[in-house]
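Colleague: Dropping the structure in here first, questions after.
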Amino acid sequence: MAEAEAGGDDGRCVRLNAERAQALLADVDTLLFDCDGVLWRGETAVPGAPETLTALRARGKRLAFITNNSSKTREAYAEKLRCLGFGAPAGPDAGREVFGTAYCTALYLRQRLTGPPAPKAYVLGSVALAAELEAVGVSCVGVGPEPLLGDGPGAWLDAPLEPDVRAVVVGFDPHFSYMKLTKAVRYLQQPDCLLVGTNMDNRLPLENGRFIAGTGCLVRAVEMAAQRQADIIGKPSRFIFDCVSQEYGIHPERTVMVGDRLDTDILLGVTCGLKTILTLTGVSSLRDVKSNQESDCMAKKKMVPDFYVDSIADLLPALQG
């Protein structure tokens with residue numbers, strides 16, 4: 001789609017050429033980056049992305065990484081950033097730039113699960129998610145494979161439950177199973193038991209245009225079975241931005257959100273009053289933007305970025321000039 005086709009009557013979603021990028025960066029202190037589909041695909045860095053972030057750091061820009069992926073701790077994400085050449089801090093400061101949904105879910109539960117009994121969560125998710133929860137004092141059960149017990153529904157419902165579970169947390173879980181779903185619903189029959197989803201992404205992009213089902217598919221399954229609506233931590237929820245803002249002291253008008261998804265990254269930026277850049281190396285396309293611009297739905301009209309780039313490497317000329 002040509003540049004002329006991308007911009008709407010309101011001047012949003014224009015190609016961020018070198019001249020526009022220089023003007024934008026002059027008014028910006030902080031850049032918030034999504035990771036999957038923006039900085040890398042799977043285990044491969046987007047060409048030119050490491051050099052772009054190195055140049056931004058050299059210009060004195062503050063960087064933070066906001067990911068809906070709950071499969072790694074902050075420290076593990078920092079290690080991946082370093083291994084792929086993005087220059088994240090090491091040592092005691094490792095992970096301080098990273099705001100993943102595992103970490104932010106832990107902050108949320110620490111706020112909500114006050115008082116006795118001691119906080120405990122049934123976790124449909126990764127070891128990393130459980131590690132972040134346990135780091136703030138929330139004990140975890142349920143991580144890992146959980147096959148069906150018995151030979152029918154009666155036996156499944158008789159499977160023992162842990163006492164005093166105060167939250168069901170749904171993240172990315174390759175071991176998601178009918179047994180786990182059944183247990184989650186049983187815990188959620190207690191009205192005071194929280195249902196928390198790390199994010200609602202429907203798919204996770206990998207290399208060569210491939211993708212896998214995202215966490216949102218699992219959250220929806222639990223919501224439907226339990227007839228409950230989950231509290232969502234990740235983008236576009238404002239909670240994850242508030243986590244960054246509290247630690248970084250962000251001024252929204254001098255902050256840019258860079259992402260590849262209109263319904264998470266760009267919507268978060270618009271909702272929080274940030275400047276927004278869509279990169280076309282991930283999920284959303286200019287065709288999606290145009291569809292939103294032409295929609296009669298006001299919610300879709302909000303999911304339009306200020307600028308777009310083919311890749312964040314398109315920022316390099318402005319940084320080298």
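Including glycine, each Cβ sits where the backbone N, Cα and C put it.
The active site, nucleophile annotation in Swiss-Prot covers Asp34. Sequence annotations record features per position, and here Swiss-Prot assigns active site, proton donor to Asp36. The Mg(2+) binding site annotation in Swiss-Prot covers Asp34, Asp36, Asp260 and rests on similarity to another entry. According to Swiss-Prot, the site 'Important for substrate specificity' annotation covers Leu204.
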Colleague: According to DSSP, does Asp36 (active site, proton donor) sit in a helix, a strand, or coil?
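Modeller: Looking at the DSSP assignment, Asp36 (active site, proton donor) belongs to a strand.
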Colleague: For the C-alpha pair, I'd like the distance in angstrom between Leu204 (site 'Important for substrate specificity') and Asp36 (active site, proton donor), rounded off.
Modeller: 8
Colleague: Expressed to the nearest Å, what is the distance separating Asp36 (active site, proton donor) and Asp260 (Mg(2+) binding site) at their Cα atoms?
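Modeller: Distance between the two Cα atoms comes out at 8 Å.
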Colleague: Take the mean position of the Cβ atoms of Asp34, Asp36, Asp260, the recorded Mg(2+) site. Which other residues of that chain put their Cβ within 8 Å of it?
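Modeller: Other same-chain residues with Cβ inside the cutoff are Cys35, Gly37, Val38, Leu39, Thr67, Pro205, Gly259, Arg261, Asp265, Thr279, Gly282, Val283.
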Colleague: In angstrom units, rounded to an integer, how far apart are the Cα atoms of Asp260 (Mg(2+) binding site) and Asp34 (active site, nucleophile)?
Modeller: 7
Colleague: Over all shown protein chains, what is the count of other CB atoms within 10 A of the CB belonging to Leu204 (site 'Important for substrate specificity')?
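Modeller: Excluding its own Cβ, the number within 10 Å is 20.
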Colleague: Would you mind ranking the recorded positions Asp34, Asp36, Asp260 by how many other Cβ atoms sit within 10 Å of each Cβ and giving me the lowest?
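Modeller: Relative to the other recorded positions in Asp34, Asp36, Asp260, Asp36 has the fewest Cβ atoms within 10 Å.
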